[in-house]
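Input: a single structure, listed below in structure tokens.
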Amino acid sequence: MMNNLFSIFDPSTNLLNLSINWIKTMLGLMFIPFSFWLLPNRHFFFWKFMIMNLHNEFKILLNMKNNKGSTFIFISLFSYILFNNFLGLFPYIFTSTSHLTISLSLSLSLWISFMLFGWINNTKHMFIHMIPQGTPTILMPFMVLIETISNLIRPGTLAIRLTANMIAGHLLLTLLSNTGIILNNYLLIFLIMIQIILLTLESAVAIIQSYVISILSTLYSSETN
């Protein structure tokens, strides 16, 4: 039963489907109508409004005033995770963000980039950041150890947070779907209503997780400057 339950997160059973499942995490952009990008419409203005708000918020967190391109990587990260989270809500579509292969690759590559930039360009600041201001002398070695461990587990926590949230909602929807075949008509209608509510909740989780991952990545980046 558990193998069948978790099989919804299996990319495929053969090599051809495996490659297609992973590649299609980017192919979805091809299905967006060109009119979305070329002709102003309500969807375009809504997306532009959301992107500009994210840009202003990230700019504050990064302490950037004039450099407009500094937030582009985090806006792109938000857009990529959001797109893949929503793509996984459709039937028979592989949820790539429910795998550590994707989430850990994103978080680990960003974390390594931040660490290399910080230790190469702002070495003194990185050492100072390991000991909070006002720490008693006797506690300094312990604070260095605690800060080092907390820094090392950051990519893992980012990846596990995204993966666990995606898996939890999909598992709940799958469990409810499997019980539909043994219910009568009235209970089936009630079950469908519950699934619609859960699907709405999962849509909110998809947005929230994209926002949380991008905000935390921005905060981790700001600590290296």
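Just so you know, glycine gets a Cβ as well, placed from its N, Cα and C.
The shown structure was predicted, so the numbers you read here are calculated from the model rather than taken from an experiment.
The transmembrane segment annotation in TrEMBL covers 20-39, 72-94, 100-120, 127-146, 158-176, 188-212.
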Top Cβ-contact partner of the transmembrane segment (100-120) among 72-94, 127-146, 158-176 (pairs under 8 Å): 158-176
Chain residues in Cβ proximity to the transmembrane segment (158-176) (below 8 Å; excluding those fewer than six residues from its ends, i.e. six or more beyond): 5-6, 8-9, 81, 85, 88, 95, 97-100, 103-104, 106-108, 111, 191, 194-195, 198-199, 201-202, 205, 209, 212-213, 216-217
